[in-house]
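Working notes, beginning with the structure itself.
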Amino acid sequence: MAFDDKDFLACCGSSKFAMEMALASPFSSLQAAVTTARDIWFNKVDVNGWLEAFDAHPQIGKSAPSNHKSETSAQWSKGEQSTALATATNSSLQELSDWNARYRQKFGFVFLICASGRSTSEILAELKKRYPNRPIVEFEIAANEQMKITELRLAKLFDTKAEAPSAYNQHPIGNRAEDRVSIIGAHLTATSESPAGKTSQVTARTRPPITTHVLDVSEGRPAAGMDVKLDKWVGKQSRPSFDENDIGGWVLQGFSTTDKDGRSGQLMGIVDAVNPGIYRISFNTGKYCPGGFFPYVSLVFEIRETQKSEHFHVPLLFSPFSFTTYRGS
């Protein structure tokens with residue numbers, strides 16, 4: 001697909017990055033674009049370019065500045081922060097603002113984190129954790145977070161081209177469901193999921209189409225604080241193979257950490273119809289239980305064209321030495 005530098009500037013605020021990506025365009029696939037983006041970002045964009053990209057991001061919890069380079073980027077930032085805003089209180093927003101100011105004073109740039117699916121408390125905890133870092137260490141971490149954001153936005157960019165004109169004419173970026181902060185907040189405070197085994201055919205979702213919930217059966221309680229990520233298959237082959245190396249074929253859709261009830265935050269936007277394809281949910285069980293048997297657990301599943309309006313809930317029942325899962329609606 002062919003794009004111009006304005007498209008890529010919405011994905012990453014570095015002018016050098018946008019120019020190099022436009023020169024390398026068109027791309028045969030999203031994965032080809034991501035591979036090129038990584039090479040350009042880490043090998044061709046200099047320190048000033050990194051700082052330019054960082055400066056294009058609003059402070060977490062605040063709107064984009066009026067001089068924002070890209071309206072599309074501003075809208076995407078709003079959607080990416082939707083979970084944080086939905087879970088915020090006046091006091092937590094004030095504390096986040098105070099820590100952001102301290103961070104900028106120490107490091108000279110805005111605190112950067114891939115905020116998609118993360119609550120205010122999760123972001124604040126990560127900010128406090130990273131604050132003691134040496135500037136050179138923090139600079140590299142911020143650059144890696146920027147790359148995560150860029151990959152997510154490249155996926156959105158490809159989706160807009162793939163679905164234009166019909167789908168996105170009906171759902172402009174600024175009005176898409178992922179910006180429904182109040183609906184997301186209602187979902188995050190829900191006490192239970194729908195009964196397992198039933199499919200949910202809906203026309204207006206109140207939660208993302210793919211959710212998960214982790215239970216620590218060895219302790220008889222929810223598994224809180226476990227990192228979870230959602231990927232989509234975009235490899236050259238139509239589907240990943242059990243017998244072949246599938247490295248490089250997956251693109252990150254969202255990342256979160258389970259809350260006290262074992263539920264992840266938002267792993268993808270709230271859309272009425274999920275894009276059909278093969279998805280993978282990965283659980284960082286090794287970090288959650290360092291002495292356990294599983295370094296991590298990945299579950300791969302396919303959503304077909306006839307299922308794009310359904311809701312997929314993929315719980316994980318986990319103990320250090322065994323796990324099982326089932327799909328709920």
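Any Cβ shown, glycine's included, is placed from N, Cα and C.
Remember, predicted model here, so these are calculated numbers, not experimental data.
The substrate binding site annotation in TrEMBL covers His213, Arg263, Tyr326. Under the heading compositional bias 'Polar residues', TrEMBL lists 64-81. If you look up TrEMBL, you'll see 8-155 marked as domain 'Oxo-4-hydroxy-4-carboxy-5-ureidoimidazoline decarboxylase'. Annotation comment: TrEMBL describes 210-328 as domain 'Transthyretin/hydroxyisourate hydrolase'. Annotation comment: TrEMBL describes 61-81 as region 'Disordered'.
DSSP places the residues of the domain 'Transthyretin/hydroxyisourate hydrolase' (210-328) in helix, strand and coil in these numbers: 7 helix, 49 strand, 63 coil.
The residues of the domain 'Oxo-4-hydroxy-4-carboxy-5-ureidoimidazoline decarboxylase' (8-155), classed with DSSP into helix (H, G, I), strand (E, B) and coil, number 102 helix, 0 strand, 46 coil. Just so you know, the Cβ of His213 (substrate binding site) picks up 20 other Cβ atoms within 10 Å once every protein chain is counted.
Applying an 8 A CB threshold to same-chain residues 6+ apart, the list for Arg263 (substrate binding site) reads Thr211, Thr212, His213, Pro222. Mean predicted confidence for the domain 'Oxo-4-hydroxy-4-carboxy-5-ureidoimidazoline decarboxylase' (8-155): the pLDDT average there is 87.
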